[in-house]
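Read the structure below first, then the notes.
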Amino acid sequence: MGFEELLHKVGGFGPFQLRNLVLLALPRFLLPMHFLLPIFMAAVPAHHCALPDAPANLSHQDLWLKTHLPRETDGSFSSCLRFAYPQALPNVTLGTEVYNSGEPEGEPLTVPCSQGWEYDRSEFSSTIATEWDLVCEQRGLNKVTSTCFFIGVLLGAVVYGYLSDRFGRRRLLLVAYVSTLALGLMSAASVNYIMFVTTRMLTGSALAGFTIIVLPLELEWLDVEHRTVAGVISTTFWTGGVLLLTLVGYLIRSWRWLLLAATLPCVPGIISIWWVPESARWLLTQGRVEEAKKYLSICAKLNGRPISEDSLSQEALNKVITMERVSQRPSYLDLFRTSQLRHVSLCCMMMWFGVNFSYYGLTLDASGLGLTVYQTQLLFGAVEVPSKITVFFLVRLVGRRLTEAGMLLATALTFGISLLVSSDTKSWITALVVIGKAFSEAAFTTAYLFTSELYPTVLRQTGMGFTALIGRLGASLAPLVVLLDGVWLLLPKLAYGGISFLAACTVLLLPETKKAQLPETIQDVERKGRKIDRSGTELA
């Protein structure tokens, strides 16, 4: 008797699994609250050079700025330069003009801001940009914080993947909660930029535990029939986290208190560990029969499935252990051992890189829309709901491959069209970005489902973990691409759209999995690939 048969006896889907789904919803809410936190925490409000002896009289301030600050091409005051010598200023009181005798002839000389900056505090009371002046020449350091965070997530995923197999999912989930809480508090108390970047990278590593542990802990208690559906449904908690972050960000305008608010939910998470079950499958592979028996009994009781003592006897569980241990633990190298697996893995790598690259590129930099950051994120969060509903029907109607390729291609097209639309038409730009976000989210949701059906059972978790790592690489690079606007204003959009287009083309090289039997072994993948090679279409 294998574990799947044992799980069928105690109930592969019921109140026990639903309770588990609810208990593991909190990490899914926490992830977007930290992953998308830079939208508010690292926001750059309108700013200009700090000027000496600025008048207290508000009616004179605009005239004062005109004498000290050059204009940009759009008519706004420069954010990074000031005049070396004050320009002519009509004297409101005397009706004369005052000139600085030190002004050389010719074009007015401009210099960088040497005395710091003044910021518009109407939308944010403080951000990391305003606290450490991460603007102008230091603008890149602001983007680096997000990149370092996602690098931390990538590295943490490798560590947690190994440790959770060695010490258990439940124990490492507790470690993830505690370390996220501690490091989040340290980040909020950062006294300088270096401390902040370091603690945020470590926080990303801690949060990676949720991305690696929660899904297996959920799926290993579900029967095969309900795993895919539960996996897609659980992504709605991410959308809930996006909307919750928008609300919290609107209520809390200081980055330190906002970071604290995003971190404190770890406290009830730590308490919830008491009710989270360890994976019985993992316990059996470790020879911890009594613990596995305890959780299996609880599962059967909550699901209302009467089970005989013989089914959970030492002898019966030892047979399950024997069958589980027969299978060699897979590694990332196994994903490239055969020709068809190499094909699937390479295509999935490009797909996941493109999905993450475009999603975080759109989400983390939505400037120039003519909306407040809160309105933008509310739109972004709201549009994810119809995106998931659309995916639910499309994958059944036209299949996984065409849905994924179509959504990535549509994302690329929105970037392409936005290149042709004038930045002055805010309404059109806003509509394109929101539509692009909807397509990008749909591609993200489909990618989870599609990837899980491409890999055989023996490599499914390994394949999902590996492609997710590649995706996080795309997420870490996405914030830096914005800096390319210094080379050419349209280059970031071209990069996001180009990668999305390449990913869409790559997806078309993958086999369709709609109504196809899921592969169990590597041999199943190879046989399926040979059928496609001979006929050009899948013979499921």
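From the backbone N, Cα and C atoms, a Cβ is placed for every residue, glycine too.
Going by Swiss-Prot, these are the annotated features:
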- 21-41: transmembrane segment (TRANSMEM)
- 144-164: transmembrane segment (TRANSMEM)
- 172-192: transmembrane segment (TRANSMEM)
- 202-222: transmembrane segment (TRANSMEM)
- 232-252: transmembrane segment (TRANSMEM)
- 257-277: transmembrane segment (TRANSMEM)
- 344-364: transmembrane segment (TRANSMEM)
- 378-398: transmembrane segment (TRANSMEM)
- 402-422: transmembrane segment (TRANSMEM)
- 429-449: transmembrane segment (TRANSMEM)
- 462-484: transmembrane segment (TRANSMEM)
- 488-510: transmembrane segment (TRANSMEM)
Outside the transmembrane segment (202-222), six or more residues from its ends: residues with CB under 8 Å to it: 7, 12-13, 16-17, 20-21, 24, 27-28, 30-31, 34-35, 148-157, 159-161, 164, 169-170, 172-173, 175-176, 179-180, 183-184, 187, 230-231, 234, 276-277, 279-282, 299, 461, 464-465, 468
The transmembrane segment (144-164) and the transmembrane segment (378-398) contact flag, 3+ Cβ pairs under 8 angstroms: no
Non-local residues, at least 6 beyond the ends, that sit with Cβ under 8 Å of the transmembrane segment (232-252): 21, 24-25, 28-33, 36-37, 39-40, 215, 218, 258, 261-262, 373-374, 377-378, 380-382, 384-385, 388, 391-392, 444-445, 448-449
Cβ contacts under 8 Å made by the transmembrane segment (402-422) with residues that lie 6+ beyond its boundaries: 351, 354-355, 358, 391, 394-395, 428-429, 432-433, 435-436, 439-440, 442-443, 446-447, 450, 490, 493-494, 496-498, 500-501, 503-505, 507-508, 512
